[in-house]
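These notes are about the structure you will find just below.
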Amino acid sequence: MSQLSAGICRRLNEAPQEEIDQLASGHTVQLLSIKKVAPTSSSTTATDRFRIIISDGVHFVQAMLATQLNDLVANGDINKNTVVIIDKLACNFVQDKRLIIILDLHVVSRNEEKIGTPTAPPSTQDAPAPAVLEATSSFVTSPATSSSIGQAKPIQPQPRTGPSGRGGRSVYPIEGLSPYQNNWTIKARVTQKSDIRTWSNQRGEGKLFNVTLMDESGEIRGTGFNAVVDELYEKFEEGKVYYISKARVNLAKKKFSNLQNDYELSLEKNTEVEECLETTSVPMMKYNFVELSSLEKLERDNTCDVIGVIKEVGPLGEITSKATNRTIPKRDLTIVDMSQYSVRLTLWGKQAEQFAADDLPVVAFKGVKVGDFGGRTLSMVSSSIMTISPDIEEAHLLRGWYDGIGTEKNFQSHTSGSSGASFGGFNRNEMRHLSDVKESQLGMSDKAEFFSTRATIMHIKSENISYPACPTQGCNKKVVDLGSGWKCEKCDKTFERPEYRYIMSMAVADWSGQAWLQGFNEAGLAVFGKTADEVHEIKERNEAEYNALMAQASGVTFNFSCRAKQDTYNDQTRVRYGISRITSLDYHEEAKHLVNLLKSPWAQ
């Protein structure tokens, strides 16, 4: 019991509000229980909430786990009887109930026996009711109604003053904000500030901007409209820390924000914004990085954080918005990481115009949107944040790896080359033979279906395996020979010569049967080991050499990731199998897989 901070639970339960900050960190406790809080009938959030019981070996008290720590529960890092050190906590009062929120902790030991025989402190209050838990510390999921909390009076947390306050005003963690609270102040860093955007419709004209605010407990989005733009826009600077108060807390409009917060701030004319020069307690940025090789596991339109080396910077281009008929600048980047994958990431607007990176920097992206145009792609959205050469451990590791050995590596592209094709990864454990694919009628539903298979190329239709494409990066549209040059109708540009790209149809077979697969540029590169330009030149120069190249490609076995989808042509409907990814056999990996199969329980 000596390893626990005896007495801390009673002090947390009895200490006046102004003394709580002095108790906020460095205490060792044991977690006696971790239970998910059932949402109330008014709840609209899908975020789990966990109630915990902490013990100092003498007494125990209840607390709530901040939602940014949910992964510790999901991953099994903390469970019953785990001993932890509390690094940061907060305490709110709602309806005269004390609610302790654990904001950060780290594990000392797991799977311990219960330490001591702790009891409730002598002055223990009743546990906060579910309505109270829902109505504070962002454990609220929707405005309370009389039907959900009976005849309860409007909930007003007691103000928090003392060291974390400012002139007697309460300073709350962002996760502690809800529509039920007034007279609060947050201390937060501006991690993202948007451009001023304007709109015009039948109801009139206006302008707006938004900021992303972050403290140690979480993030929240703030938005200002019209006159508030004139009043507050210049006050906010990215990277600086501010005291912010007198803003309205509303339910978040999820389609405009990807932040993990059920609420957002409406900045108003009387909203107070004051720069804070003491910034050490407010983190710079929080990331949850996903390796580029794992992007295939994410659904389209999800958002994620990635970090990579800028390997290629595409030229500045533009698209025309169908909604507004306005042109929007865009620029495609190619980023790579230590998983030896690359992906195309698109910048828009001023970021696209101003981006310059001649020295292959490491760049961290927060909240970029996942797309499936021609494979897995990424795109900046209004709430995304891009940080060039961030001073974080992941960036330093990636920089060292790339400068040391990364420049010599070959990177697997996430581009399938098929416009609009969804991306599927090869799954060795779920391979299907070709007859099973057909008998299961994959692709006959309204949505595309994916499968993995291993098959041998039997025949390639060699008459037309490539087409003349626009050489502009990211375009790939077919160009027209004008005699004096090749014109791209999409880009409205004429080029001296096109860039040929593969478009292939091949018959493949395994032990069970045969199927026709459609492949694009990545497939051709894998099959022939040459660019479509090189193969086209061979065909024009020497027909016999071209035929020999086609013959050499036959009889070679590949692992295929395919997309099955219905296609109607000349009033006939059939299923087409498109190649999302094609990889040569890695016999070392295949042997390891077979060894693992032999070691599996059912093989014994």
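Heads up, the Cβ atoms here are built off N, Cα and C, so glycines get one too.
Here is what TrEMBL says about this protein:
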DOMAIN    26-109  domain 'Replication factor-A protein 1 N-terminal'
REGION    142-174  region 'Disordered'
DOMAIN    184-268  domain 'OB'
DOMAIN    292-388  domain 'Replication protein A OB'
DOMAIN    450-594  domain 'Replication factor A C-terminal'
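Secondary structure counts, DSSP: the domain 'Replication protein A OB' (292-388) has 12 helix, 51 strand, 34 coil.
Secondary structure counts, DSSP: the domain 'Replication factor-A protein 1 N-terminal' (26-109) has 8 helix, 48 strand, 28 coil. Secondary structure of the domain 'OB' (184-268), assigned with DSSP and counted as helix (H, G, I), strand (E, B) and coil, comes to 12 helix, 47 strand, 26 coil. Between the domain 'Replication factor A C-terminal' (450-594) and the stretches 26-109, 184-268, 292-388, it is 292-388 that has the most C-beta pairs under 8 angstroms. Note on the domain 'Replication factor-A protein 1 N-terminal' (26-109): mean pLDDT across this stretch is 81. For the domain 'Replication factor A C-terminal' (450-594), the number of residues in each DSSP class (helix H, G, I; strand E, B; coil) is 37 helix, 68 strand, 40 coil.
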